[in-house]
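Asks: Just passing along the structure, written as structure tokens.
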Amino acid sequence: MFQILKAEKTIGFMRWSKVAFVFSIFMIAASIFTLSTKWLNWGLDFTGGTLIEVGFEKPANLEKIRTALDAKGFGDATVQNFGSAREVMVRLRPRDDVSGETLGNQIIGAIKDGTGESVEMRRIEFVGPNVGDELTEAGGLAILVSLICILLYVSMRFEWRLAAGAVMALAHDIIITLGVFSFLQIEVDLTIVAALLTVVGYSLNDTIVVFDRIRENFRKMRKGEPADIMDASITQTLSRTLITSGTTLFVVIALFMQGGAMIHGFATALLLGITVGTYSSIYVASALALKLGIQKEHLMPPQVEKEGAEFDEMP
């Protein structure tokens with residue numbers, strides 16, 4: 001198998017587990033503090049508001065449109081291409097004093113005045129605050145249910161100490177990612193929820209690969225402390241981890257740089273989540289299982305007595 005690193009010597013990952021724990025606790029505490037003070041910059045999918053799609057005769061200049069809307073008092077508008085360079089989507093937060101139709105006409109007028117181009121309204125939609133609340137609850141419930149299912153799955157496949165480490169690693173990834181979004185006030189919409197669920201699956205996959213090697217080595221390596229066996233297991237899977245994470249990050253970075261405003265938040269969430277998830281599969285999931293006292297006997301298969309074995313032992 002192709003390898004980036006051919007480690008002839010086992011890397012002592014667990015030697016740095018205390019430093020990693022301190023770092024993780026600091027990042028989680030900082031994220032929770034940021035979330036509690038600034039919270040999240042919810043998008044229209046969650047807060048409600050107005051969505052207006054307009055068409056141009058030639059490729060639209062988004063910066064010119066933003067400047068035109070800002071001059072007319074619509075500085076909170078989100079402007080991005082939709083479908084093609086001639087189609088533009090404008091998102092606005094709820095405005096109680098203006099109806100949806102009136103707001104649409106004001107937007108069209110502001111764009112025409114600011115750009116001097118012919119503009120056609122394609123569609124206008126209004127997302128009520130009740131729908132936004134339902135989406136918020138559904139998104140949070142989706143993440144919670146996924147964590148519970150993962151806890152049950154890993155408990156059945158491996159052992160409860162490893163399951164606790166896996167779930168804590170996933171919670172660690174989500175909290176830190178949301179903390180960065182809160183600190184930077186990046187808009188959170190449904191694509192961000194999809195990205196978080198993707199991060200959960202990606203991080204879990206990486207963790208399961210490491211755990212599978214840990215279980216295999218616990219059964220094969222008769223000598224050595226649990227920390228030594230974990231170091232050997234992580235070292236053996238390190239090349240696979242770097243190849244998988246690296247190739248995925250190349251694609252995500254391309255999306256981040258060239259994907260446009262519509263998927264910028266999605267790419268940012270994946271970029272943060274994959275980076276933090278690679279770290280947590282080593283220094284949160286595995287290290288926490290070690291702190292909880294994982295031993296060889298916990299992962300050894302149960303011995304099954306053969307029928308009639310007691311008669312075979314008789315002289």
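Each residue, glycine too, has its Cβ placed from N, Cα and C.
Just so it is clear, the model here is predicted, and its values are computed rather than measured.
Sequence annotations record features per position, and here Swiss-Prot assigns transmembrane segment to 19-39, 135-155, 164-184, 191-211, 249-269, 270-290.
Quick one: where do these features end up spatially?
Replies: For the transmembrane segment (19-39), the list of distant contacts is 172, 175-176, 178-180, 182-183, 185, 279-280, 283-284, 287: same-chain residues at least six beyond its ends, Cβ to Cβ under 8 Å.
Listed by sequence, the residues of this chain that lie at least six past the ends of the transmembrane segment (135-155) yet keep a Cβ under 8 A from its Cβ atoms are 42, 45-46, 162-164, 166-167, 170-171, 174, 190, 193, 196-197, 200, 204, 208, 211.
For the transmembrane segment (191-211), same-chain residues at least 6 beyond its ends with a Cβ under 8 Å from one of its own Cβ atoms are 43, 139, 142-143, 146-147, 150, 154, 158, 162, 165-166, 169-170, 173-174, 177-178, 181, 233-234, 237, 240-241, 244-245, 248, 263, 265-266, 269-270, 273-274, 277-278, 280-282, 285-286.
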